[in-house]
Amino acid sequence: MNYEVYCGNAHAEPNSSAVQQLAEACVEQDASYFDGCSRTCVKDKYLLPLTQFDNLEIVVYGQIFPILVLFAVFANAAVALVLSKKHMITPTNVVLKYMAIAELLVGLVPLPWTLFFFSMGNIKETHRLELWWCYLQKYSMDAFPPVFHMIAMWLTVLLAAQRYVSISHPLHSRSACNVKNVRLATMIITVTSFLCGLPKSFDYEYETVHGWIYSHGNWTYASSCVMMPTAILTNMGQTVYFNIYFWTRALGFIILPSFLLVLLNGLLIKGIRRAQRRKLRLLREKRSEEAARQRDSNSTSLMLVAIVSIFLIVNLPQAIFMGLLCVCETFTIKIPILEGTFPAVFLIASNMIVIATYPINFGIYCFMSSSFRQTFKLLFCPGASQLQCERRIEAASAVHSSRRRSDICSHLVNVCTNSEGFMQVSHHCLHVDYLVSDRQSTQFTTMDRSD
């Protein structure tokens, strides 16, 4: 089968009256377009423009998007690396790590197409269009990014639910929300998301056309991708096929998780306030160790509330938009705002905002988690971290005997964690009476701990 057709002079519009009559008769039959090359009326194929707003997309996808992705890749890769260290493995951190990987792929997968087509200027070279351009655009911009976004969406729900169980039912959380179960839930979310995203990969096949096309009353010299329905789409019917796909995506992966996130976020905030009152009561009762543990738990919960809230702020508008779009398409309701240029511009802006929030999560981790900061320094600034460790050991040698030995030890253990996942502690930390003796280093690992 010939997938690429070249014919006609791009600077000479067909002017034969016979061809014009054929073209007009074709359009009157509700055909897709009239092919001036083969002089055939095309009914089951559709032209697919690679862009809708050239100038806007050149700026957004060609200039802004690569910079945003660069920051997002660094931030999410750093988060995934830090949370992969053995001493950082907790149920909460496991979810955060997989969220970072999913969010990284949301930005990284479209990058080859945006660099090739927009940044490298091939948007102005469509006369060189080849078949692989069509498939690259489809899979990198349309098929796979929504799948990874679905995964990130449900992982955020898992994160909020896991944390709510941890603070509301701490005894049950150790068995129900352990690392093994969290990884199993992540696998189920990933597989389900890919299965629900598969229909988008099997809706159309492609060919290319280079020649004169008559459509909407005008002749156009087109170098364009042409979509052809697959056998699955033809047998099911386009209305049924796309209604199932978009309603599943809208309800199961946008509206429902958004509703659950609003609910769980509210419950988390309520739980944090209750835990704060408990901490104050423990302090009044002079149970300082329990109060310190409660403070750490509250800090983790506050960090997760911040992450979930940011995720909701940028994704709720998309949820509302997708819900309206599905209702209008299913019941053929006309809403002026959903016609014209608004939907495309809204989605472009919304996608950029989503990518721009990913580095913010990294900032939240650094600001609110001391263990994250320390592990990050050990991974990416090992020299500075070792110097800091040595200085604190020196400081410990000057501590008076009135200070508790456990205070010194816990202080050093918190800082001197090396990049291999080991905690590095001087013997002086373990035996405060011999702080002035020659230092020898001991290494030990922490056990996996639940929240």
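Every residue, even glycine, has its Cβ placed from backbone N, Cα and C.
Bear in mind that the values here come from a model prediction, so they are computed numbers and not experimental data.
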Recorded disulfide counterpart of Cys134 (Swiss-Prot; options Cys177, Cys196, Cys225): Cys225
Shared topological domain relative to the membrane, Leu131 and Thr300, Swiss-Prot: no
Record feature N-linked glycosylation site (Swiss-Prot), assigned residue among Asn218, Asn298: Asn218
In the chain carrying Cys134 (disulfide bond), residues 6 or more apart in sequence that have Cβ under 8 angstroms from it: Leu48, Leu50, Tyr206, Thr208, Cys225
Cβ contacts under 8 Å made by the transmembrane segment (252-272) with residues that lie 6+ beyond its boundaries: 146, 150, 153-154, 156-157, 160-161, 163-164, 167-168, 193, 196, 298, 301-302, 304-305, 308-309, 311-312, 315-316, 318-319, 322-323
Confidence summary for the topological domain 'Extracellular' (119-140), mean pLDDT rounded: 95
Helix, strand and coil totals (DSSP H, G, I; E, B; other) for the topological domain 'Cytoplasmic' (85-97): 10 helix, 0 strand, 3 coil
For the transmembrane segment (141-161), sequence-distant contacts whose Cβ falls under 8 Å of one of its Cβ atoms, 6 or more beyond its ends: 92, 95-96, 98-99, 102-103, 105-106, 109-110, 113, 182, 185-186, 189-190, 193-194, 196-197, 200-201, 249, 253-254, 257-258, 260-261, 264-265, 268, 304, 307-308, 311, 315, 354
